[in-house]
C-alpha cells in the first residue's frame, strides 16, 4: 500500500488541481495522481531563451471567467491584455479586408441580412437551452438529431454566411460542422455567454493571458501541495468493492481513499479498469465523446511588423487552402518576443500533421505574408508548435465534443457520481465549459460534492455563484434595434411577396372603381 488519504484526485490539470486545493484548504489529506511528468493537463507552458515563456495549450481568459481569475489572483498571477489596438483582418477569396469589432463587416445588403440572422438565431436558440441541463431544452431531441452542418444549411441563404459560420464552429470547438450535434454546439456557445462573447478578444473569451503563462496555475498549486502530487502515475484500476476505494497506478502503487475525483476527459476513463464495472450509461458515454483536433502554432519575428501597417495581428482566414483559420498577436506585453499564434483546426490538423514541422512553418509564413501583405512574414526567427491530437493523456484539444444524438441520451450522466467517484474536468462545467474557467468551476464543484458527502458543508453550498472579478469587469453585450428586428433573407422575400400581392390587389380595386377594367 503506497498511501492512505481522504481523497485521490485522478488528473493534475487545472480542474484536478483546483479540486485538490479546495479540499486541502478544508484540511483534508489529498493525493493527486498525474499520468504525465508535469501538471497542467491541457495547459502547458514551456520556457526557453527563444520564447521566454509560451503557452502551448489553453491560454486565454476574459471577463465573466470569474473562477479562474479569482484562483489565479489567489496564486499571485497577473493578466495582460491581448493586443487588439490596431485593425483586424478578414481574408476571403484571396483578399484582405481590415476591420474593427468582433465580426467582419458585410457590405452586400442581402448577405448582411443573412449574417445578422445567423448570429441572432444561434443566440436565440441558445437562450432556450438550460446551461446545466441542455437535454431539457424544449426542442432538445430535434436539435440533437441534427448536425451543425444541417442547421447552417437551414439558416444560411448566402455562401458567405455559411463559410464564416463554418469557420466559427471549427474555431470554437476544433471540429467539423458535420461532426457535432446542433444542440450541443448551441449549448456550448450559450454557456460561454453567446456568439459575441465567445469570439471576441476585447470584452470576450480571448481578452487576456497570464503573465508568465497559464501553466503556473497548476504549478503553484503543486507547490502548495508538495509531495501529495505524484507525477508519472497513470491510474489503471479503481476498486470500490471494499470499505475504502483502492486506486492503482501503472507502476503498481496502490492508494486507499474514502473518495475519488476523476478530473480527466470523459473518454480517458476507458484507460481505467473499474471494479465493480461502470454503470451502463457511464460505460457507454465514455466511448462516444471524442475530443477536437488542433495544432497550436506560434511563429516568432524580430519585431511585430504588422503593427506598423495598423494591423493588430488578429486574422480571420477563410478558404480550404489556408492552413490557419484564426490568429492572434502573441507578443509579450513589453513588445518583446514578437509572435503570431495560429490554430490549425479540425480536418486541417489531421491533413497537415503529415507534413514536417519545417514544412508547416513555411506554409504559415507564406500565408501570413499574403494576408498581411508583407514580405517580413517570410523571415521568422523561431517557431514552436504543439499537436494536441498525439497526446495520449488528453486525446485532443480544446475539449470533448458531442456528436448528434449523444447529449439527449447520455448527457445527464456526465456529472453523476459513480459510488464514491465524483467527476470534474472542464467538460462537466456549466459556464465556460471547454475553458480554464470551466475546469476550475468543475473541480471546485466536485470537491464540494465530497465535502457535502462527508457532512462538512450543506447541500445548498455545492453549487456557488462566483462574484464578478474586480480586475477584469465585464461589459454587457448589446445589440442595436436594427440587429434585433431586421428580417432574415426568407423574411424579406416574404415581405416583398406580400407587398407585391397587396400592391396588385390595390391596383385592381382602383382600376375597377374607375371603370378601367374592360369586361370581355
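Note: Cβ is positioned from N, Cα and C throughout, glycine not excepted.
Annotated N-acetylserine per Swiss-Prot: 2, in sequence order. Residues annotated as topological domain 'Cytoplasmic' in Swiss-Prot: 2-489. Positions annotated as N6-acetyllysine by Swiss-Prot, on the basis of similarity to another entry: 52. Per Swiss-Prot, the feature site 'Important for catalytic activity' maps to 156, 365, 382; the stated evidence is similarity to another entry. Among the features that Swiss-Prot reports, S-8alpha-FAD cysteine is placed at 397, with the record citing similarity to another entry. What Swiss-Prot lists as topological domain 'Mitochondrial intermembrane' is 517-520.
Taking the Cβ of residue 365 (site 'Important for catalytic activity') as reference, residues of its chain lying under 8 Å away and at least six apart in sequence are, in sequence order, 299, 377, 378, 380. Rounded to a whole number, the distance between the Cα atoms of residue 397 (S-8alpha-FAD cysteine) and residue 2 (N-acetylserine) is 33 Å. Contacts of residue 156 (site 'Important for catalytic activity') defined by a Cβ separation under 8 A and a same-chain sequence distance of 6+ are given as 114, 118, 162, 165, in order along the sequence.
Residue 382 (site 'Important for catalytic activity') falls within a strand segment according to DSSP. Note: the residue listed as 'S-8alpha-FAD cysteine' has non-local neighbours 42, 57, 58, 174, 291, 292, 294, 296, 388, 389, 391, i.e. same-chain residues 6+ apart with C-beta under 8 A of its own C-beta. Distance between Cα atoms for residue 382 (site 'Important for catalytic activity') and the residue listed as 'N6-acetyllysine': 12 Å, as a whole number. Cβ neighbour count for residue 52 (N6-acetyllysine): 14 (other Cβ atoms within 10 Å of its Cβ, all protein chains included). Under DSSP, the residue listed as 'N-acetylserine' is assigned to coil, being neither helix nor strand in the three-state scheme.
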